[in-house]
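Below is one structure, written out as structure tokens; comments come after it.
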Amino acid sequence: MSLFKARDWWSTILGEKEEFDQGCLCVADVDNSGSGQDKVIVGSYKGYLRIFNPHPVKPGDEIQPEDLLLEVQLQEPILQVEVGKFVSGTEGLHLAVLHCRKLCVYAVSGTQGNVEHGNQYQIKLMYEHNLQRTACNMTYGPFGGVKGRDLICIQSMDGMLMLFEQESYAFGRFLPGFLLPGPLAYSSRTDSFITVSSCQQVESYKYQVLAFATDADERQDTEQQKLSSGKRLAVDWVLNIGEQALDICVVSFNQGVSSVFVLGERNFFCLKDNGQIRFMKKLDYSPSCFIPYCSVQEGTINTLIANHSKMLNVYQDVTLKWATQLPCIPVSVKVANFQDLKGVIVTLSDDGHLQCSYLGTDPSLFQAPKVDSREINYEEMNAEMKELQKIIREATKTQDVLPESEKQRDVTVTAEVSPDLDDESQAIDSEVKAGAVPSVTVKITIQSRVTAQKPSLAVCVQAPLAVTCDQFVFDDLEPDSSETVVLSVFLKENCSPSELEGTCMVSYNIPTVNLCSFILGIPRVAQCNFSLPLKLICFPAQPSKAANHKLTIDTNKPPVSFVSIFSDFVDPSEGDQANALGFEFLTGSKTTLLASKTSQRYRIQSDQLEDLWLVTKELIHRLEEHFKKQNCKDFACTFSGSIPLQEYFELIDRHFELRLNAEKFQELLSERAVQFRAIERRLLTRFKDKTPAPLQHLDTLLEGTFREVIALADAAEENQANMFQAFAKLKSATHLVIMLISLWQKLSTDQVAILEATFLPLAEDTQELGWEETVDAAVSYLLRTCLSKSSKEQALTLSSQLSMPKDTSRLKKNITLFCDRLAKGGRLSLSTDSATQQAAVMPGGCATIPESDLEERTIIPGSTAMFSSNGQITKQKSKP
């Protein structure tokens, strides 16, 4: 039995599928019994009115029938119930019931029974008021300082306060600046109404000000009539609390001091009569209801605050004194006195769980039996300890947040790419200028071993490629079930992609049950990659002899006929004599692949540098697959030519130039927009002027500015499309440079990954974070760590803020220096220790690379240094 769990003194469930809210609960001696024992009055949105007189029951027993004094169904939903002196001529308590369009006041009376069935209770309608406006909530009190009776104030949904002097309607007033109704309370000490407006302000209105303000029933529509009819309603004081309020309560436990309590969505406020904050408490939970009550300590007030985590917190001012667990989320809480038991907490949930509880616990009479003493076997304990430590070590080997998955995953996703293109192309809204844009079918299968909740599939391909549908949502998957979807991939933009790969990702939840028997879902993700065929973006063409860019790839195996490795591009009738192969991309550019008949070399040539990438990658991949089938494990490709840095730098300059143009277009658009709005303001001033004045060609200037804005927007949009194509070309050329450097220096897989992370950090390029500044920062970091010459360079600090550079000279210089350091024997590593060791190898900062059999020299275009195979640097005079 937990000390921090509310003890159930009496509880019941009200009706079936009934709804309750904040104003549906009230506790008072409604039958005027004089015993000081409160009754619990509950009204529901179905119109049921119930009155209970709780009696303590034993745990597990049901409530007694005599606890329910009265149950009656009214014709309309019950919004709020209150008990007060609402009938003239008597100071007895009566029950006020607020409906949407009606206010009813009842007298509750009981007749003492003469038989065992007990007393009989009934309600009698004293009077009712039909409302002209839909009601929201109400409050009551001795408005205007009257003695011995209570008046009622009802707030409508459109912001009207309707005041009733018991059986008669007094007047109605509209709240200024009203949008949505908020909680309403009455302070008898200041004779004012307090509410929270939609502006998130606590506002106080004096009753006397309301009484002498403009009559709401005679309010006119025009501004002139508003000023001429009655006195304007003015607010007494305003306090901005910065959030919406859930409830307001005004308490005055002694005659000298009264406080206004406001429960917000994130804070709890205590205000003075004049609106000044007495104290506030920031809540770290979402509250649902509250009630202040008298404290035993002088000068303090206790408050009960319930939250949506089924917790009830007890505060003394701002100090948390107690916290207890409730069985449900209450929407209303009260403090009542029952049968000599004072301070019983009465809570009501939105589904009708009514409970009377108290704090603390009952004493436990259980005593643990004595355990028979036995001798301790230290050898068995030592063996058990070693076994447990072994289990702990195995479990803590991984530092992943989620546990290691089973050998067979719960949900697996596989993608199967069709070997042939679609007979009928599925391309949608393609911008490619070619006559027919092909598409290829991808079949994705999701298999589940367990129950998978809310599975969703996302298919991603890199632009300019696109899919016919990239999002799929499925119903819950049962164990040992599967789902299959079919989609097509095609080239959408008029440029070649940098990668022919795609990703499938399935997100789902695995149901589980926690200790509180709540069904939760553990989020999981399963993914797979798939490769697209080269013929999706190009088709066979005649080889061309002349080209601007040429690359030569060396191998250690005899050349392979293109018929065997490019069977989908070469006509089988050509036989083994096919040593030249042409590719024409859908964008119009061509690439030629040549195989040497005498040496072990392959040449790739094209007029565009970026077009070499996909063909070169496909050649190396197919050669590796060909020799793998022949169980040849020592196949290797090398590159001994020159790194095409100068052509690569031209692509960088082109992309950067377009970024600068985008920045200029943005500035011009901003200037023209400011000019356009300034002209608009002047024109509106002229049009609003009662004395017409000439426009002085402002309309002509407005039209001209509008045309400039449209022209600039079109130019910016065209520049954005060109920048997208330039970035795609830059990524293809970057992939090519990375591959050539890896073949040149024979880099390992980890080193190639560092290269890719350095030169390809962004999937998309934006003005805020562009490719140039990101790559420059990454290359600079490598030059100052693993590729540094001395510890002095390692001590240099890099700027932590990335911004768009003025030009690309620094970037091109760093890339050239990067290749220089690699040529001298530098090795890529992310460990600072290895960088320090490497700097200490030679005074020059880098160890020499092993000599190879090749004596060819590698020249970086645009540089005056030649990189020879033995790591020596020789100067070369530039030609005039």
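Heads up, the Cβ atoms here are built off N, Cα and C, so glycines get one too.
Unlike curated entries, TrEMBL annotations are predicted automatically.
According to TrEMBL, the protein has these features:
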type   : residues : note
COILED : 371-398  : coiled coil
DOMAIN : 1-363    : domain 'PTHB1 N-terminal'
DOMAIN : 436-530  : domain 'PTHB1 GAE'
DOMAIN : 533-640  : domain 'PTHB1 platform'
DOMAIN : 642-745  : domain 'PTHB1 hairpin'
DOMAIN : 747-822  : domain 'PTHB1 C-terminal helix bundle'
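When pLDDT values are averaged over the domain 'PTHB1 C-terminal helix bundle' (747-822), the model yields 82. Per DSSP, the domain 'PTHB1 GAE' (436-530) is made up of 0 helix, 63 strand, 32 coil. DSSP labels the residues of the domain 'PTHB1 C-terminal helix bundle' (747-822) in these numbers: 43 helix, 0 strand, 33 coil. DSSP states for the domain 'PTHB1 platform' (533-640), grouped as helix (H, G, I), strand (E, B) and coil, give 34 helix, 31 strand, 43 coil.
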